[in-house]
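Participant: Pulled the feature table from Swiss-Prot, pasting it below:
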type	residues	note
BINDING	3, 4, 5, 6, 7, 8, 9, 10, 11, 12, 13, 14	NAD(+) binding site
């Protein structure tokens, strides 16, 4: 069985690629980083280390890699022959890999009618569906019809913290022991594959929103609040009383939405929330505040981790005070080393907070959340 995985970064190697290898797949990584590609091909394996007191290590392999920008013919052949395609490239890169995947699928339709599933394992809602749209935009109507018959794009929700790495071995990757990979079993073409560690579900929405509005929201809240306090790491931030109160308050708010919307009980969600805060406290996982806070324009999007749950709470008649505080803190993130932070501050200087709340967050001045955020900015 061949699994082609786009993205040989830390998530690709330390999470998705590792599980695919352990499930019996011959894993081929597609990336554009020649240094990593050459290392993977030279060694054929790599080490994954658990970020806990035990520091357990396991060797993952055999694997190989190709350059998805320069080895296009080989890439198309792999797509034509693969039993599974996965991605962990970041939401913004999906549109860049859509073109070669589309070309590979055209080749596949000529030689291989076996079902294929393409799973985007990204920090976004509907990643596989989005990738499908990008791919289909590059196909004719006839090609789309042919591919729809045998290619599935199951959406997934992934969760595993991979801290910043400090290893002499460029392939070694440290990951937290906890992980969650949930995949919508109703969206597969053909047989659902047996992948170690995957949870197959009939309704993915609760898992996606629980993860996005707890892990991602909590991480972002800790980062932006920690940055405002001049703290360096997430561990430092979550141990700061005021920051911890801010994070816990935001997760109480998102929890209210999740419990009211889905079948999670209050006790079940509180246990999950406690587990997530415990992950932030793991000193083996401690990440730089500025790294977690980076890309504020994306994270301030109307459906993302801060504005998304806050808007939903407003729709339910609740006032998301802590989430509004988080949005205000994100708007003040001015790290000079982050291009999006620089762009954000330039936008604020040009059009003010009101303009950014409208154009980036999708909030008009008469929205209750708009007013809440402005009140925090004036405080």
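For all residues, glycine too, the Cβ spot is worked out from N, Cα and C.
Note that this is a predicted model, so its numbers are computed, not measured.
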Participant: Specify the count of other C-beta atoms within 10 Å of the C-beta of residue 3 (NAD(+) binding site).
Facilitator: 26
Participant: What's the number of neighbouring CB atoms sitting within 10 A of the CB on residue 13 (NAD(+) binding site)?
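Facilitator: The answer is 30.
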Participant: By the DSSP assignment reduced to helix, strand and coil, which category contains residue 13 (NAD(+) binding site)?
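Facilitator: Note: residue 13 (NAD(+) binding site) is helical by DSSP.
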Participant: Looking only at 7, 9, the binding-site residues on record, which one has the least crowded Cβ, with the fewest other Cβ atoms within 10 Å?
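Facilitator: Counting other Cβ atoms within 10 Å of each of the binding-site residues 7, 9 gives the minimum at 9.
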Participant: By the count of other Cβ atoms within 10 Å, pick out the sparsest of the binding-site residues 5, 11.
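Facilitator: Among the binding-site residues 5, 11, the lowest count of other Cβ atoms within 10 Å belongs to 11.
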Participant: Please report the three-state DSSP label of residue 7 (NAD(+) binding site).
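Facilitator: Residue 7 (NAD(+) binding site) sits in coil per DSSP, no helix or strand.
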